[in-house]
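The structure under discussion appears below in the form of structure tokens.
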Amino acid sequence: MSPMARTAPVPAATDPAIIRNFCIIAHIDHGKSTLADRMLQYTGVVQSRDMKAQYLDRMDIERERGITIKSQAVRMPWEVDGTSYALNMIDTPGHVDFTYEVSRSLAACEGAVLLVDAAQGIEAQTLANLYLAMENNLTIIPVLNKIDLPAAQPEKYAEELANLIGGDPDEVLRVSGKTGMGVEVLLDKIVRDLPAPVGDPDAPARAMIFDSVYDTYRGVVTYVRVVDGMLHPRERIQMMSTRATHELLEIGVSSPEPTPSKGLGVGEVGYLITGVKDVRLSKVGDTVTNLAKPASQSLPGYADAKPMVFSGLYPLDGTDYPVLRDALEKLMLNDAALVYQPETSAALGFGFRVGFLGLLHLEITRERLEREYKLDLISTAPNVEYEVTLEDKRVVHVTNPSEYPTGKIAEVREPMVSATILAPNEFVGAIMELCQSRRGVMGGMDYLSEDRVEIRYRLPLAEIVFDFFDILKSKTRGYGSLDWKADGDQVADLVKVDIMLQGEQVDAFSAITHRDKAYAYGVMMTGKLRELIPRQQFEVPIQAAIGSRIIARESIRAIRKDVLAKCYGGDITRKRKLLEKQKEGKKRMKMVGRVEVPQEAFIAALTTDESKDKAKK
């Protein structure tokens, strides 16, 4: 029952034995945020009249797309057998781009609720997050959600879940986040089954940052889980990775609105406000300690967020460049994984090369720039970072085709990923064919049940950042799901394909591609530009080249005036003279003429990824 009417445990004076830290892990769309809503309601921290769907998803984009991007932490009281417990629920993102955030959120917990949609079953990202939870030695409570749906098959999927984590299908809880059925039983089970946090209250303070958000009025709000010792307001604290020191202006818990407290003790989850304005000073995974009595060792598992996908962002209107720069700076306050640097393109003008965690991250960032800052942007095709070694042993890191070195190249290394694909078994052939065509190497295959297969492949990252997810969805009729993680790099036979108009290179259309696919890219791009560039007074050749070797060509025919219109009958030599004269003029025009590529052609040619990105939700 909810103890809101009685005494709820007070932050900073809570015995670790009555604290339970847990998170909910699930694939996108399996009802994680809806279940969180019901928990908030049943524990009484949000009144029914204040309730709104997906209460914890604060960003417009999160609400519209129905995805969780930023983690949230909420403290909820719950009473079992006459004892009041403090439950800390850490809501995690479900998408593959945000795996590091999920891993830090899991490290802040002792247990996880593994949520599976009773109508869809286990999906790739459920598995990936489950393995992360197992690596962190979390106690796992299996739960089937959406059992009120007519299409639900609880018996079938309860067996799948039991096979996966070991146990009995009858132990799998059945709940409905929508109607609230089974939620109270789940809350009781969390209290009974999950272990209490362990830590030394007298040791130097150590707290792990699992998220940080930028608040316009208060600066950076850092969410932490205290492992050892205590943190009090007005203390000086230190971040152990950057050695930066701050004064702790406010400390408290989210319940779910921020509530200041007298401090945070062992096992507690809460927020810190230091008045700092830059999220990069509060890095996810870092350890916070007390400056007066610092800890000697930081908590394990910290890693810097590393961008995987790079894309050029250019404003359609060149005068918007300063606005774009300010907008990116502001977004960086809230998103420590975003990196950018200015770049120029002869065709597109001034812009930025921006690094992202993955395609969803790219799409969300771009959408936020367009929506919150009213910018019209062109984004170039997404690239990955290549490591090019020249024959003189120099190493160049390339994120943009225009930086690709022209000298003698000894080898090129490209990033690899290990991908896990889950799908019904009738699609195995189609999936293997797709992965083979993307230079994939099969790693193994397991049957989760008689009709669901887990297929593992090692693929180049460049092959999956463009349209892989889309094609996978269409080949599996929407039933396939994908999860991937970085897996080193390997040597590859890559070349740079240049597109030339009238013999002049257009940098915006260049691409780094595998030698086997260079011809296909050249033919596709020249064909597309032929359709998009308006006809000129003279013939315009469009060529694709690798170095100095032309691999594909299309021509835009010249517009000709009918110079013979005024000749009624008459001698053929008269007509020939007029045609020769026209030909001379066209030749002269071709020598001095320049082709202006209209903005629309750039947008159409570069947004081949638009339709493809739409499915990556």
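From the backbone N, Cα and C atoms, a Cβ is placed for every residue, glycine too.
As recorded in Swiss-Prot, the features of this protein are as follows:
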BINDING   ASP29, HIS30, GLY31, LYS32, SER33, THR34, ASN145, LYS146, ILE147, ASP148  GTP binding site
DOMAIN    17-198  domain 'tr-type G'
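For the GTP site listed in the record, the two most distant Cα atoms among ASP29, HIS30, GLY31, LYS32, SER33, THR34, ASN145, LYS146, ILE147, ASP148 lie 17 Å apart. In the three-state DSSP scheme, ASN145 (GTP binding site) falls into the strand class. Residues within less than 8 Å, Cβ to Cβ, of GLY31 (GTP binding site) and separated from it by at least 6 positions along the same chain comprise LEU115, ASP117, ASN145, LYS146, GLY177, LYS178. Counting other C-beta atoms within 10 Å of each candidate's C-beta, the binding-site residues SER33, ASN145 are led by ASN145.
Of all the binding-site residues listed here (ASP29, ILE147), the one with the fewest other CB atoms within 10 A of its own CB is ASP29. In the predicted structure, the domain 'tr-type G' (17-198) carries a mean pLDDT of 75.
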